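Q: The Ca(2+) 1 binding site annotation in Swiss-Prot covers Asp78, Asp80, Asp82, Cys84, Glu89 and is backed by sequence analysis. What Swiss-Prot lists as Ca(2+) 2 binding site is Asp114, Asn116, Asp118, Glu125. Residues or ranges marked as Ca(2+) 3 binding site by Swiss-Prot: Asp159, Asp161, Asp163, Lys165, Asp170. The domain 'EF-hand 1' annotation in Swiss-Prot covers 65-100, and the record cites sequence analysis as its basis. Annotation source Swiss-Prot lists domain 'EF-hand 2' at 101-136, citing sequence analysis. Taken from Swiss-Prot, the feature domain 'EF-hand 3' covers 146-181.
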Amino acid sequence: MNRKKLQKLTDTLTKNCKHFDKFEVKCLITLFYNLVGDVAERPGVVTGLDRNVFRNILHVTFGMTDDMIMDRVFRGFDKDNDGCISVSEWIHGLSLFLRGTLDEKMKYCFEVFDLNGDGFISKEEMFHMLKNSLLKQPSEEDPDEGIKDLVEITLKKMDHDHDGKLSFVDYEKAVREENLLLEAFGPCLPDPKSQMEFEAQVFKDPNEFNDM
């Protein structure tokens, strides 16, 4: 991408970006095109990060390991649901991912955890997500029992209207009372160390990012 195009794109994306300044947006655009590769300049080809490339970034850079959660994070970034992350989706997604307010992060995490998109986190959804985070003990007759117990404990803590599922209102109230519950069903945001390392590297020289 030539300098003029890059400058124009930077100006456009900075206008709609809450948490990055112009220099940071420029670095993230440069990184995006480094990750996408040569396809960027081909006419008629949709430019974007596909699911595999994006999941690799989540895994290698931000230490995420849960396939289900990584898939949901991809969907959270891919707002137009076209199967790849465009440069504007990349900037807006990272703005929240790295520097979002508590309100923004609550909305994002809830959408990640609401696996079927019906506006609630059901017992079944909790079970699926928590199952991946618990180690099975070989001595247990029914390893799912421990997970079912954990679901019940979580509901008791977070289900304020006692309807057997979590609405956003339930979730928000619980998280405001105890911030640690933000990622109650699995890590879907970077930990502070990964975030600092990513920002230090990318906002210094995005061209060296792949050497990390």
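Including glycine, each Cβ sits where the backbone N, Cα and C put it.
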Q: Which one is closest to Asp82 (Ca(2+) 1 binding site) in space, judged by CA to CA distance, out of the binding-site residues Glu125, Asp159, Asp163, Lys165, Asp170?
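A: Considering only the listed binding-site residues, the nearest one is Glu125.
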Q: Of these binding-site residues, Asp78, Asp114, Asp159, Asp163, Asp170, which scores lowest on Cβ atoms within 10 Å?
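A: Lowest Cβ count within 10 Å among the binding-site residues (Asp78, Asp114, Asp159, Asp163, Asp170) is Asp163.
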Q: Could you tell me which three-state DSSP class Glu125 (Ca(2+) 2 binding site) falls into?
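A: In the DSSP reduction, Glu125 (Ca(2+) 2 binding site) maps to helix.
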Q: Determine, to the nearest whole angstrom, how far the Cα atom of Asp170 (Ca(2+) 3 binding site) is from the Cα atom of Asp80 (Ca(2+) 1 binding site).
A: 28
Q: Express the distance between the Cα positions of Glu125 (Ca(2+) 2 binding site) and Asp80 (Ca(2+) 1 binding site) as a whole number of Å.
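A: That comes out at 24 Å between the alpha carbons.
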Q: Ranking the binding-site residues Glu125, Asp161 by other Cβ atoms within 10 Å, which is at the bottom?
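A: Taking Glu125, Asp161 as the binding-site residues, the minimal 10 Å Cβ count falls on Asp161.
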Q: Provide the number of Cβ atoms within 10 Å of the Cβ of Asp80 (Ca(2+) 1 binding site), excluding the reference atom itself.
A: 10
Q: Please give the average pLDDT for the domain 'EF-hand 3' (146-181) in this predicted model.
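A: Averaged over the domain 'EF-hand 3' (146-181), per-residue pLDDT gives 95.
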Q: When a 10 Å sphere is centred on the Cβ of Cys84 (Ca(2+) 1 binding site), how many other Cβ atoms does it contain?
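A: So the number of other Cβ atoms within 10 Å of Cys84 (Ca(2+) 1 binding site) is 18.
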Q: For Lys165 (Ca(2+) 3 binding site), write down the residues of its own chain that are at least 6 apart in sequence and whose Cβ falls under 8 Å from its Cβ; none is a fine answer.
A: Phe120, Ile121, Ser122, Lys123, Asp159
Q: Determine, to the nearest whole angstrom, how far the Cα atom of Asn116 (Ca(2+) 2 binding site) is from the Cα atom of Asp78 (Ca(2+) 1 binding site).
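A: Distance between the two Cα atoms comes out at 16 Å.
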Q: Relative to the Cβ of Glu89 (Ca(2+) 1 binding site), which residues of the same chain, six or more apart in sequence, are found under 8 Å away?
A: Gly48, Phe77, Asp78, Lys79, Asp80
Q: Cα of Cys84 (Ca(2+) 1 binding site) to Cα of Asp163 (Ca(2+) 3 binding site): how many Å, rounded?
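A: So the alpha carbons of Cys84 (Ca(2+) 1 binding site) and Asp163 (Ca(2+) 3 binding site) sit roughly 37 Å from each other.
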